[in-house]
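Features reported for this protein in TrEMBL:
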- 1-181: domain 'Plant heme peroxidase family profile' (DOMAIN)
- PRO18: substrate binding site (BINDING)
- HIS48: heme b binding site (BINDING)
- THR49, ASP100, ASP108: Ca(2+) binding site (BINDING)
- CYS55-CYS87: disulfide bond (DISULFID)
Amino acid sequence: GRRDSRDASLSGSNNNIPAPNNTFQTILTKFKLQGLDIVDLVALSGSHTIGNARCTSFRQRLYNQAGNGKPDYTLDQSYAAHLRTHCPKSGGDQNLFFLDFVSPVKFDNSYFKNLLAYKGLLSSDEVLFTKNAESRELVKTYAYNQELFFQQFAKSMIKMGNISPLTGYKGEIRKYCRKVNAY
């Protein structure tokens, strides 16, 4: 295990991890502050080929993206209509949706194919295709070349894993863990 901390910090994590509605530039800045570049950003975002998001994480895209009471124009409208059936304007905050509805439990490049079709669930995903030319080309590349995505994802994961790790006698690896109340 890593020697970074004896406990977890939700606020500490949230300060460094991009939010689902962050702008492209905010996301890129957060990555750059950790020594990661745009290639890492796009490749690591591909991890969203597996997992879920709560309705509350993307509701604004369905109903009021630009503060004008209209859905996000970069979201496929038939997909948006489908999402609205289980993510109402109010309530249902905890309802879960697959980040990659095509192959939600398979690590593949479907996430990038979804972005090409304007079916990225989170705004922070779709901006990779809609807000920056360099990231758009990377999304296209990974959508058409799964092996290249896999190779870059592995490189970027290693790079991310090497962000300020504590080694040697610095930090602590716990030997005795006590059971904590689960949520």
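First residue shown is number 1, and so on along the chain.
Glycine is treated like the rest: Cβ placed from N, Cα and C.
Structure coloured by features recorded in TrEMBL.
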residue : record                 : CB count, 10 Å
PRO18   : substrate binding site : 20
HIS48   : heme b binding site    : 22
THR49   : Ca(2+) binding site    : 24
CYS55   : disulfide bond         : 19
CYS87   : disulfide bond         : 24
ASP100  : Ca(2+) binding site    : 27
ASP108  : Ca(2+) binding site    : 16
Distance from ASP100 (Ca(2+) binding site) back to HIS48 (heme b binding site), taken between C-alpha atoms, in Å:
7
Remaining residues near the recorded Ca(2+) site, that is with C-beta within 8 Å of the centroid of the site residues THR49, ASP100, ASP108
GLY46, HIS48, ILE50, VAL102, SER103, PRO104, LYS106, PHE107, ASN109, SER110, TYR111
State the mean pLDDT for the domain 'Plant heme peroxidase family profile' (1-181).
90
Top Cα neighbour of CYS55 (disulfide bond) in the set of binding-site residues PRO18, THR49, ASP100, ASP108
ASP100
Rounded to the nearest angstrom, how far is the Cα of THR49 (Ca(2+) binding site) from the Cα of the residue listed as 'substrate binding site'?
17
Could you state the CA-to-CA distance between CYS87 (disulfide bond) and ASP108 (Ca(2+) binding site) to the nearest Å?
26
